[in-house]
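Summarising the annotation, TrEMBL assigns domain 'Cation/H+ exchanger transmembrane' to B:51-411. The transmembrane segment feature in TrEMBL is assigned to B:7-24, B:36-56, B:68-89, B:121-145, B:151-173, B:185-206, B:218-237, B:264-294, B:338-356, B:368-390, B:396-416.
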Protein chains: 2
Amino acid sequence: MAKIKGIILLILETLGAALILFYLRKALISSENHEVSVILPMLIDIAFLAFFASFGGRLAKIIHIAPMAGKIIMGIIAGPAVLGVIAPYSEGVELSRLAGVLFILFEAGLHFDMELLKKNWLVATIIAHVGVIIPLISIGLLGHYAFGMAWMPAIFLGGVFTATSVGLSVEALKRAGKLETDMGNKIIGAAVIDDILGVLVLTILAKLSSEGHLEAMGIVWIIVAVVAFFGGAYILWNMGIAQSIAKYLDTHYVDSSTGPHTRFFFGALMMAGALAAVIGLEPVLGAFGIGVVLSKVDNEIKHSTWEKIEGHMHIFVGGFLVSIGTMLPREALLSAKAWLLAIILTIIGFVGKYLTRYLVKDKVEGHLVGLAMSIRGEVGLVFVAVALANHVLDDVTAAAALLGVIIVTVIGAIWFEKAVMKQTGVKMSEAGEAI
Amino acid sequence: MAKIKGIILLILETLGAALILFYLRKALISSENHEVSVILPMLIDIAFLAFFASFGGRLAKIIHIAPMAGKIIMGIIAGPAVLGVIAPYSEGVELSRLAGVLFILFEAGLHFDMELLKKNWLVATIIAHVGVIIPLISIGLLGHYAFGMAWMPAIFLGGVFTATSVGLSVEALKRAGKLETDMGNKIIGAAVIDDILGVLVLTILAKLSSEGHLEAMGIVWIIVAVVAFFGGAYILWNMGIAQSIAKYLDTHYVDSSTGPHTRFFFGALMMAGALAAVIGLEPVLGAFGIGVVLSKVDNEIKHSTWEKIEGHMHIFVGGFLVSIGTMLPREALLSAKAWLLAIILTIIGFVGKYLTRYLVKDKVEGHLVGLAMSIRGEVGLVFVAVALANHVLDDVTAAAALLGVIIVTVIGAIWFEKAVMKQTGVKMSEAGEAI
């Protein structure tokens with residue numbers, strides 16, 4: 001009874017919020033005042049993504065699934081697939097999505113143990129390469145020979161499933177309390193490396209599909225950029241530059257407020273994300289790198305500043321998860337062909353990554369690594385977006401790819417969390433929300 | 001020596017940040033990826049506004065002026081008037097400005113003592129009306145008879161100086177530790193009321209200048225909206241609805257994280273701002289109203305949630321102050337005519353508000369009230385924007401009006417803080433930054 005009452009209340013709250021959002025947004029954008037018609041709707045979108053994230057957390061609690069999955073599902077409900085009150089490509093939603101994933105990677109970097117990586121780098125590199133190559137080749141072959149697609153769209157489809165979502169995996173690890181373990185280190189290391197590989201594959205495919213040929217310099221440049229970026233981050237980390245800056249701020253800027261430290265952390269994050277984008281990498285890699293660099297800041301300053309940064313995490317991380325769900329179009333939910341294709345892609349996409357479990361000696365740990373690596377996300381969605389922009393994939397195939405990414409992510413997240421619970425004996429409801 | 005070294009370091013840091021911002025922004029917007037070329041620059045603008053706010057705080061510390069004034073001056077330096085690396089109307093800057101002023105008013109509402117207002121409402125109402133009528137009439141008459149302007153632009157010019165900036169006044173009060181005093185209550189009460197009067201005047205002038213006539217319904221509607229909005233806020237406050245919602249969240253949403261509370265506060269703020277805008281009021285009034293309503297939330301929840309909301313304050317409030325400075329165009333800095341007009345407007349604008357001191361019995365308190373009320377800001381800037389859009393003011397006059405608003409604000413803030421220091425014996429450097 002309590003459960004049914006909870007579900008009814010949740011449905012009423014969700015519908016109520018959706019109605020308010022719908023009418024408020026409509027009234028705002030009809031204003032003649034630029035601030036009211038353009039800027040305020042962005043803040044409203046950010047706010048309601050956050051509300052839906054809260055609803056998603058409650059949904060997860062009621063039906064006993066991972067909160068992350070609950071939030072993505074709530075995004076599917078709020079987005080064009082069902083209620084249609086949140087537009088996945090409005091500026092406020094895009095801002096929330098980008099800021100959210102940057103904050104997730106920032107936290108992952110702050111907690112990343114570089115010393116541990118020195119031990120794990122080989123296995124992480126192998127896991128990353130295997131996890132990229134298997135889905136790319138198997139889906140590419142299947143698309144070409146079984147579905148009769150041309151090579152380019154078939155390989156693009158494979159590309160969608162190459163990259164583990166380092167953002168979502170970190171979120172799952174954090175919730176499970178495994179972020180700073182040896183296993184967490186391997187998973188994050190592998191996820192970061194396969195993100196880089198994914199970007200490499202995407203760059204090659206994008207150039208090939210839009211220009212019809214490939215410049216060797218493009219690939220060389222990405223490799224140089226990766227080496228320079230992570231080399232630079234390693235050097236800054238090793239020098240402990242972050243601690244020097246924090247000390248400098250303490251001497252010259254800080255009075256009674258931690259404001260200058262908050263602004264330093266926030267600004268450094270955005271700057272690193274932008275720098276990564278400028279040299280052709282994904283912004284998330286920059287966020288991860290600067291997190292590692294700033295992890296050297298004094299624990300006391302780090303802790304008090306993190307209290308403030310969490311205010312942004314509370315708004316934007318949930319917003320990111322919900323906004324991923326909103327990217328599923330209604331056509332995908334209604335098309336039988338898209339579902340069939342999506343299920344096939346989900347299975348291959350899942351198995352292709354899960355096989356990485358055999359690269360880890362310990363069986364239980366291998367199982368968890370395989371599940372965590374199967375979670376996809378933003379890079380896969382970027383593949384779909386580029387494919388659509390270059391007219392490589394048709395609408396149904398693109399919808400199927402999106403659906404596949406979301407299904408494999410929701411299932412991967414649920415299974416990963418269940419496996420962790422089984423291993424540690426901690427119940428989901430006790431673990432609580434990470435954010 | 002230490003002072004000169006400090007100034008040189010600050011100049012180098014400011015120029016360094018400006019250079020990085022310039023090249024980073026340029027590289028980002030040339031990208032073909034929408035997320036990189038549109039969304040990331042918004043985050044970068046928000047981040048660098050925050051950096052410049054830190055620099056402004058340090059500038060204020062070195063040359064012993066109010067931090068608020070230091071941040072506005074740093075905005076003038078970063079904006080088109082000097083370095084030109086921050087565009088005052090880019091979306092990230094507008095977002096920061098709006099979010100910042102909403103958070104300032106939200107905090108003012110949270111700390112506002114409704115019981116005290118019951119005692120002070122009459123004097124606050126009188127201060128507000130006198131402070132609106134004197135500048136409006138005196139500048140209007142001066143513009144028409146002394147400068148030979150037509151009535152409409154002359155009255156518009158007067159309108160620019162009608163409304164005290166409740167955002168900036170609150171910030172000054174907070175820094176001085178006077179936010180929750182009897183005097184602070186009078187000032188905020190008067191500032192909120194004259195904001196409403198300012199909106200009323202603006203609505204009338206905007207309709208008259210764009211349509212050539214005035215519908216009585218427009219004015220009636222605003223009065224109805226004001227009564228309904230503040231009546232509603234009072235009823236919600238009286239019912240203690242906020243505490244019921246917080247309790248409900250605790251039961252059904254919150255696990256180990258304060259996330260749902262942060263999202264509730266943040267979302268309620270944006271929703272109230274939007275609601276105010278939809279019924280034709282300024283969004284800041286909505287932010288103030290919801291702050292009053294939420295002040296009834298349990299102190300423990302309020303405190304832990306505020307820790308997180310402060311993360312947003314640290315970024316956006318400084319961003320708001322800097323962005324006000326960026327609104328000054330270079331022409332205004334270089335035109336002798338604009339300076340002359342601005343100085344005249346500043347004097348009349350200042351005296352016109354300062355006269356409200358004689359409405360307060362206590363002499364020292366009256367002096368402080370007069371100074372605090374002389375601070376203008378966002379509503380004045382809205383007047384200028386509407387006047388430009390409706391071609392009522394020419395460029396030089398508009399620039400002079402902007403310059404006047406900024407000068408009167410910087411001087412008012414400095415004098416107010418000096419007067420508070422003198423009264424309480426607290427040194428500025430000990431008072432520290434409010435944010």
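Glycine is no exception: its Cβ is also placed from the backbone N, Cα and C atoms.
In this chain, the transmembrane segment (B:7-24) lies out of contact with the transmembrane segment (B:338-356); the count of Cβ pairs under 8 Å, excluding pairs fewer than 6 apart in sequence, is fewer than 3. A Cβ distance under 8 Å defines the sequence-distant neighbours of the transmembrane segment (B:151-173), meaning residues of its chain 6+ beyond its ends; these are 66, 68, 100-101, 104-105, 107-108, 131-132, 135-144, 179, 184, 187-188, 190-192, 194-195, 197-199, 201-202, 205, 208-209, 284, 288, 317, 320-321, 345, 348-349, 352-353, 372-380, 383-384, 387, 392-393, 397, 401, 404-405, 408-409, 413, 416-417, 434-435.
Just going by CB pairs under 8 A, the stretch in B:68-89, B:185-206, B:264-294 that sits most against the transmembrane segment (B:368-390) is B:185-206. With a cut-off of 8 Å between Cβ atoms, the residues of this chain six or more beyond the transmembrane segment (B:185-206) that come close are 108, 112-113, 116-117, 120-121, 123-125, 127-129, 131-132, 136, 152, 155-156, 159, 162-166, 169-170, 173, 179, 214, 218-219, 222-223, 226, 280-282, 284-285, 288, 356, 360, 369, 372-373, 379, 382-383, 386, 390.
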